[in-house]
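As annotated by Swiss-Prot, Zn(2+) binding site applies to Cys27, Cys30, Cys46, Cys49, with the evidence given as sequence analysis. The domain 'CoA carboxyltransferase N-terminal' feature in Swiss-Prot is assigned to 23-282. Marked as zinc finger by Swiss-Prot: 27-49.
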Amino acid sequence: MAIRSLFRKKNEDGQEKGFPEGLMTKCPECRHILLTKELEKNHKVCTKCDHHFKMTAQERVAYFIDEGSFVSMDDHLQTSNPLNFPDYVEKISVAKQQTGLSEAVLTGVGTLDGEEIVVAIMDSHFRMGSMGSVVGEKITRAVEKAIELRVPVIIFTASGGARMQEGILSLMQMVKTSVALKRHSEEGLLFISIMTHPTYGGVSASFASVGDINIAEPQALIGFAGRRVIEETLREKLPNDFQKSEFLLAHGQLDAVFHRKDLRNQVAMLVKMHTKGGVQHV
């Protein structure tokens, strides 16, 4: 018998007691044990090492958008199984139950420090934030709504890339979203892309990288192919910080890297600086 088991308390049924599930969270970076409640108060940033934990779409709305102002859009859109991929429908159903989302992106209209915006927030907890036809359609409709309202669009990306279960239909979303953003740009309207960990594949190669202002959170991994694939293809070792947001900033691929505690205020300031009407067509 292990010595530590002698000191474990038992409940009335003789079962060993432990911490209530969800009470504590271990930081994957520094291994520090945090009270989950304190972690959430700190916007899911480790108080010991500043590691930025992944956030759900709902958590980002609560943190980023003015309280009570967010109205979601297009939640009725449902994913089908165009290629009859085995178990795909079941996996989508499980993801819906686990996340409370209809798909891997939450879109809607709200205000940021009083300024009206349209926002799209990807959630990597839903099938790794992969982009299928519904994700692409929701982002496209969000951009079109921003054009209609003549307001900025802000997109938070967190994705493993295009969704393989939808084949070419998922790849088509790269073009569709980019074209919608081109129309938004032609109207003289602001698009801020905020890349969070991870942003990869078809998402990084399309709408995530074409913002008027491209921002990332600290230590976010951003790229097309993964590090291991690139190293095996090139047969050479890559820098330790390769594909991290700070590396991309140093090499001109990003405009800024903001700590999560500063992100809301910095983006609100950028929106106020750039929001006065856009191009007026006669």
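Cβ atoms here come from the backbone N, Cα and C positions, even for glycine.
Taking the mean position of the Cβ atoms of Cys27, Cys30, Cys46, Cys49 as the Zn(2+) site, the remaining residues of that chain whose Cβ falls within 8 Å of it are Pro28, Glu29, Arg31, His32, Leu34, Thr47, Lys48, Asp50, His51. Panel annotation: around the zinc finger (27-49), residues 55, 59, 63, 259-261 of the same chain, lying at least six beyond its termini, place a Cβ under 8 Å from a Cβ of the stretch. Neighbour counts were taken as the number of other C-beta atoms within 10 angstroms of each residue's C-beta; across the binding-site residues Cys46, Cys49, the minimum falls on Cys49. The Cβ of Cys27 (Zn(2+) binding site) lies under 8 Å from the Cβ of Ile33, Leu34, Cys46, Lys48, Cys49, His51, Phe53, each of these being in the same chain and 6 or more residues away along the sequence. Using a 10 Å Cβ-Cβ cutoff, Cys30 (Zn(2+) binding site) registers 12 neighbours. Helix, strand and coil counts from DSSP across the zinc finger (27-49) read 6 helix, 4 strand, 13 coil. Mean pLDDT of the predicted structure over the domain 'CoA carboxyltransferase N-terminal' (23-282): 96.
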